[in-house]
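A.B. asks: Sharing the features that TrEMBL gives for it:
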- 1777-1790: compositional bias 'Pro residues' (COMPBIAS)
- 1839-1852: compositional bias 'Basic and acidic residues' (COMPBIAS)
- 1857-1867: compositional bias 'Basic residues' (COMPBIAS)
- 28-140: domain 'Ig-like' (DOMAIN)
- 246-335: domain 'Ig-like' (DOMAIN)
- 341-378: domain 'Ig-like' (DOMAIN)
- 429-516: domain 'Ig-like' (DOMAIN)
- 521-606: domain 'Ig-like' (DOMAIN)
- 615-710: domain 'Ig-like' (DOMAIN)
- 812-906: domain 'Fibronectin type-III' (DOMAIN)
- 911-1009: domain 'Fibronectin type-III' (DOMAIN)
- 1014-1110: domain 'Fibronectin type-III' (DOMAIN)
- 1114-1221: domain 'Fibronectin type-III' (DOMAIN)
- 1215-1304: domain 'Ig-like' (DOMAIN)
- 1310-1401: domain 'Fibronectin type-III' (DOMAIN)
- 1556-1606: region 'Disordered' (REGION)
- 1656-1683: region 'Disordered' (REGION)
- 1713-1882: region 'Disordered' (REGION)
Amino acid sequence: MAPCGSPPATRGSAHAPHASYRCRATNPSGTVTSRLATVSTVVTAGVAVRVEAWRAAVGGVGVLRCVVDEGGWAVAAWLRRDPAAGTPLPLPDAGRYVYGSGGRLYVQDVTLEDGQAAFQCQVRHPASLAALTSPPATLTVMAPSARDGAPRMAEKLPRMVEVLEGKPWTLPCLAHGHPPPHYSWTREGVVGELGSVGGGSGGRVWVRGSVVGGARAGAGDAGGYTCVAANGAGTDTAHYTLTVVQELHVTAHPAHQVAAAGGRATVACRVEGSPVAEVRWYKDGAAILPHAHGHIMLQGRDTLVLTGVGERDAGVYQCVAANSVGEAQAASHLTIRDSPPTLRHTFVEQTLRAGASVSLKCTALGHPPPVITWTLDGRPLAPAADHYGGQRVSLGSWVDPAGQVVSQVNPPTPLGSTSHTSPLNVYGPPTARGSSNVTVVEGTEAKVSCPVAGYPLAGVTWALHGRPLTPTSRRAPRGDGTLVMQRVEADHDVGRYSCTATGPQGRADTASFFLSVVKPPVLAEIKFQEGLVEGMRLSVTCSLLSGDLPISLRWSRDGRPLPRDSSLTETHSQFFSNLVFGEIRGRHAGRYSCTASNAAASATVSATMHVQVPPAWVVEPQDVAVVGGGEASLECHAQGTPTPTLTWRKATAGYGSDEWSVVRGDGWRVRLRRPGSLSIRDARAEDAGRYLCQAENSVTPPISKTITLTVLEGARMEEKVINQSVAVGEHLSLRCPARGDLPLSFTWARDGVTLSGGGEEEVRLEEGGRTSVLVLPATLRSQAGVYTCHAANRYGSDSSTFFLNVVERPDPPSHVHVKEVKSREVSLAWAPPFDGNSPLTHYLLQHWAARDSAPTPANTTLPRDLTEATLKGLSPGRTYHMQVLAVNVRGASSPSPTLSITTLQEPPSAPPTHLRAHARQQASISLTWQTPAAHLSPGEVTGYQVGFREASVGGDEGEYRWKSVRGGAMTAKVEGLRHYTAYSVTVRAVNQVGSGPPAQPVTVTTAQGVPSAAPDGIECDPLSSQALRVRWNPLPLNLSNGPVQGYKVFYKRTSNIEGSNAVDVKRTTNLETSLQGLGRYTNYSVRVLAYTGAGDGVVSASIHCATLQDVPGPPAAIRALPAGPHSIVVSWLPPERPNGILEHYTLYYRPLNAHRALQTVVVPVEGSATASRPAWGEVSREVEGLDAHARYEMWVKASTRVGEGGASRVVSQAPAATVAARIKSFGQAVEVKAGAPLTLPCSVVGHSAPLVTWTHLGRDTIPNSQTLPDHSLHLPAVTSEASGNYTCHAHNPSGRDEAQWSVRVVETPPPPTLRVQYSTETTIHISWHTAGDGGKPITGYIIRYRLEGGEWQEEAVEPGEASHVLQKLRCGSTYHLQVAARNLVGHGKASRTVKTRTRGAAPRQPRHQDLVSVNSSSVTLQLYTWPSGGCPITRWMVEYRAHSENSFTAAASHLAGDTDSYTLGDLAPLTWYQLRVTAYNTAGSTSAAYDVATASLTGATLAPESVVEVVDRLGSPLYLDPHILAPVVSGVACTLALLLCVGLLVSRGRAQFMKGADTNSGSSGGGGGNSNGNTYSRSLAEIQNHHNDSQEQLSPPPGPRSKHDEAYSVDEPYEICPYATFSMPPGTTVPPGSAGRGTLDYTLQFHTFGHQECFEGQPAPQRASAASLLGGRRRDGGGGSAAGASVEIACISSQQTLPISCVRGGVRRAGKKEVEEEEEGEAHGGSESEQDTSGSPGGVRGGPRDTYKVPVRLRRGADFSFHPPDSSTESNDERSPVPPRRPQHLPPTHPQHASHRLHACTPAPPPAQGLRPSSTLDSVYSVEGAVGGPLRPPTGFSDSRELSEAECDRDPGQGGHKGRPQQHGRRPAFPPRPPTDYSIHV
């Protein structure tokens, strides 16, 4: 189609809209329309450009969007202007800046400086050379958040992105969070993370921070992309879909088709490219609406189907595909082939009266259009006054009262004809019409109507030649008056016919006509020779074989008459016609037809002529020239038969001009759209050359032509962005090479201003005019900027950008100021200076002491990105001079103005040393450390803070959480941690000024824990009758508490059968398993748990499922008894394994030794059958009609819905006339519940009727029983005496029989015996013992418990368990407990109710000096020092009043329980106040009042007043207060012990005493003591809780506890006088399953001694030196064990302290040598203690241990010092037998006040049976008022070495006395007297 021409002109207007045009072309074949062409007018005036900026956080991604009101504008560049710069500079698409799709600019790693800059965008239109620049806009930059936040994806950005093929594309991923997230990209279908790809790496897809993109979009880039933003607080994910829009190409198939009229036509449209937005169809330029045309429908969107095609459907069909790129189309031409006519509308029979009007309509369809003619009684209906007709339709108006009307269609073509006949009846008498002859064709069927009108007619008769016509098989009249002749013959059927029609009244009329017969023509076949080639000659003959003359012959081609053709002539004769081709051409090919016609009919013969035509050019290829980067189109089209193959080849360089390579498409740049059409996008220089197009088919010769493709290369730069740096004053040459056709012109500009090349700059050309060089002889600061080199030629232009930095030394930092001053550090801040156009490499911070006469500044190098720094390592209270310098590659700047700064006083200066951490438990970490290595001034360290946080693999760790440790304790236990988690722990010293530096962190991983939840989603499906499949979901990682090693599946039967309580366990590592070998049709209970290396997790709730039914087993027993002369009774028992629901039984029987058929009897199962058989559910059936003289064999089979089971054993029996007494019931073993009724059946047969009696155990009398009419024995309520054998006796005169039943009476289980093992704060450990099972296996236990005053709760326990742990209980509360057993009979009675308490008590008060810190205007309460009593403190209430006021003022009434400290401010200076603090926990509350005085503003204090501390413990009377009760009890105990010692010294000698002592020592491990069995006077938990209230206990609870539990204090001092030994019961064992459940509870036992007993056998006390007190090592006892625990005994008097270490009865004696060894170990820094080799579970040593503090008050001014003893420990945790140890702080003493120190060992008393082992008992003695002032932290104290058990067990007689110093004073002799054991509960 020729070009459409120019569209209508448009008037220029600034607001002219876009206009779209199409052109239309029409010819006789049809009409086509062009693709849509859009014309727009580009007017720059009035176009608004603006920049939209989003908010961004520091470190995040900033987004700016360039918005243009008019379409078609694209961003050419982005500009940035900083506040210090005068002109905006272009930003490169590199580094932090990413040019994105949709006119966006992404700024990565946003800084605060970005928020001060102004951004502009510059846009261009492809049709305009002018550029538009937006007004400046700023990016809002927000400061980083103070709190961490997980990333959250921005919702503004589109997630569905479309890009044109070959265009650049980007996908942004923006998330808000703190810290700024890290981005990673993955692609759907691509394994692994998308890596970062630079612009020059050649990768299709690149990743730059948060943006992924590509330089040229291809079909392979389309798909899904996923971005993950992650930081330490969490992650977020965004999914994107990239759609690459390709240019569409459409082909229609077939391009031309011929369809038969009334047939079917299909036009297929193939669309290449994606996506396809829509496909539209047009016919002759008009849109096709399928719903508007019933015969046109769409299959999908690409196929158009036409049914019943006709002339209206011929034309051109267009398929138009469209997407966002544009439209593509293709056309198909449809031609309608000749087709026979078909009648579409006809008329029906009508009956009318004469004179009425009538209209008959006949419609026909065919191609060519048919001609319609009308006949009346077979004769043409000629137009008359009352008739008129035409070619298509004949309409009659008035009709005479006569005859029929026949409508016949006779088309002018020989394709066929069709007709429709229907009578038109007009009332009237018979009337003959005018005569007319009739002609018929020989051999056809002729139907001749009688030409007589009238209606109705009584009959019609026919005559030939005047003689009546005799009907034959070939010729006979019909009842409607029609004469039908089969196979007309000329010899017999030609003649004159007459017909006579008679009316009902007898009136008749006759009509006659002559019948002629003609013969049709017959033609011979015509053929064309194969292999005809254009240029040959040919003659074809059409011969006539027969037919009546005259006959006409004519030729046609493809259904049309032959056109005029000089190469084609026709010659005709009477009997043939020749078609002569003088020179065959391609146009002659087609289907030729020869048609012969005469008066009878027409005949046609056809043949197809094929002509092979060599190729010929349709579009001859031509030379093409294209500008580089454009698209080159090479067109080459040829025609021929067969269709030629077109191939493009390109001359291969280096192989000569005759070497060619085939050009193949790559799908994007080089494409072969259709044969002969070659398109090259983005034309390059290497594409230029000679191309050959060749067309060939099977006809020679082929044709080809060579053309030349010339690529005109425009100016192009290889490098777009170049960074250049030069020092001030140096020579610089900027080289700008360009590629492209010469000549090239270059233009240089700086910051947008064109450089002329004169003055300071010089411009010259090199390399033949292809490189421009800008020379700067001596660079200046002012010459720094952005240089642009622009190259152009006639075919295009390009530019390179040079970012020139003129580097010089930076300016000094400005605004240097002090941010913060501390004791050893100073924080400075400054503003960044001018960097000299070179990035700063670092800063130098210089400082020197002000008092130095010749100062030498110390330099500290700081990173360049810092604008503030903290200088550490300074001395407190000193003045320093400081200044800052900036440094770049050129050197350092001048210093900033000098600052003079004086440091403050300091907190502790060194971190604690020897930090060790152990995580032997699942949720806690135990820490030990030693004091800071540096010598600190007295009073500097007041406590420690332990820091812990989760260790992160990626290094993004959170802040430490700090936990305070009161006083000088150097052990701590951090609890409530996550299982199997790595923690970083550290410790720091604190004082009133602040905290010191932390120690080097230690990373430790908590132990694996058991999973804290059960798997969910458990499903159970039957696989077969003996298999189940169990599936579940994996356990989430946050609930596994360690690597899940596998899963355990617990399953057991739930059917009420024996053995149902057996639980089977299957282990698996999969998420599903199959349970095989199960019972058939059996219900099962299934539970699942996950397990780790630490053990089993929580088991899931039970789900129930059943195996499938199966065929049953054989009946358990069968019996056949004669019942009469012709009958037998058969009885049987159900199968022992029914394996399903029994539906019926089949009884098989047949006579023996006879060939009779097997007979069956089906016995249905009565009632609702179940899978488990009844206890005595026998079935019987009498078989009658048997042969009296035959013997029968019988057997039974049971059936379920699955099928028939196995057969019972075969029994034989014969009918009998005389039937002896027989019992058909089966004796069985029966179990019955006590108290339930029992009926034992006894069915009998016999003639005469048998007599039935019952006996029990041989006795005829059965109490409380009755015999039922059916002879069954019934017991209304059975008792245990009913057990035994029951026998049913039956006899009659013919015989006797008996059956025996074994009855067993079963009961519910008896009540178990419940015991409380021990309790913790939130758990109670119980055990029980069951005396029996009631005769049936126990299937489980029910534990009932309730809080006092609460509702009962229940927990189920599996059978086989004898202990249980009640968890999640309330701390310090009383509970009531019961346990009951159950078996298959039912639930047994519950045990007696046991009352017990969980561990814990109300809070206890701390000491005044620990709790209160005061200054001039506030009071700070260190609430973490408040002992919690074992239960976490839930809240605080703080009140205060001045002494002058009467009522308290509430400062905080609901302060959170985890508050570390609280400051009460706004107090008046120099004023006395009274504070009242109340602590609450679940066990109660405690109020304490303290008097405090504020200081003056200068630090002066008021004179002391009497300090009154009042403690109100809710629920406890005053006389039970431990601060009052403990001194009283201690004083009484001391007095009694002293009197006892005096008596012993008077009555016994020393030798006897020593002997007795040795005896006691040697027998310490065995016997003695109180032995009360399992009887408890009070529950153990109550004893422990009461005991807890009486001591300052500091051992951590087993479960999680608050930070307050780490605090400990000394209440009112009291003294256990003279001394006491705290012991643990030897011989006790750790109960199974108690490992890992926390510290065992205990009662406190101690053993009293006299003073002399303490000194007996020990060296006399020596006066210790100060060095020994400060540098000596504390001795620790050996590790505890299950057999006993070590105990240290402190012998206390007013002058000395005697720590005595005992280990399991052994005596530990300390000599001089051992003291020296200790000092030597300390000098070497300590070492790990030896491992215990005793084989005891407690042999692991060296771990930290819990602490008790027993406060002792001495009289003021006493000369006293302490070396605190330690006790051994024992733990129920098998993995960590040694609990944490807390070292004690010793008061510094003067040598003259040093006390004597001796070591002794005293046997531990045997424990009371049934008591649990205690947890750690470490005693710490704090002394107030001792010489030397208040307590200070120790120096040089170490506990790194502990005594091994072997050392402690050393025999006193083996070397222990060597070197022992002489004893001081005379030691009186005492008679031997055994020590006395006491148990005291306070």
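Each residue, glycine too, has its Cβ placed from N, Cα and C.
I'm curious about the neighbourhood of these features; can you describe it?
C.D. replies: When pLDDT values are averaged over the domain 'Ig-like' (28-140), the model yields 86.
Taking DSSP states H, G and I as helix and E and B as strand, the domain 'Ig-like' (341-378) has 0 helix, 19 strand, 19 coil.
Sorting the domain 'Fibronectin type-III' (812-906) by DSSP state (H, G, I as helix; E, B as strand; all else coil) yields 0 helix, 48 strand, 47 coil.
In the domain 'Fibronectin type-III' (1014-1110), the DSSP tally of helix, strand and coil residues is 4 helix, 44 strand, 49 coil.
According to DSSP, the domain 'Ig-like' (1215-1304) comprises 3 helix, 43 strand, 44 coil.
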A.B. asks: Please list, for the domain 'Ig-like' (521-606), how many residues fall into helix, strand and coil according to DSSP.
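C.D. replies: Taking the domain 'Ig-like' (521-606) as a whole: 3 helix, 45 strand, 38 coil.
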A.B. asks: DSSP-wise, what's the residue breakdown of the domain 'Ig-like' (615-710) into helix, strand and coil?
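C.D. replies: Summed by class, the stretch gives 3 helix, 53 strand, 40 coil.
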A.B. asks: Under DSSP, the domain 'Ig-like' (28-140) has how many residues in helix, strand and coil?
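C.D. replies: The counts are 7 helix, 52 strand, 54 coil.
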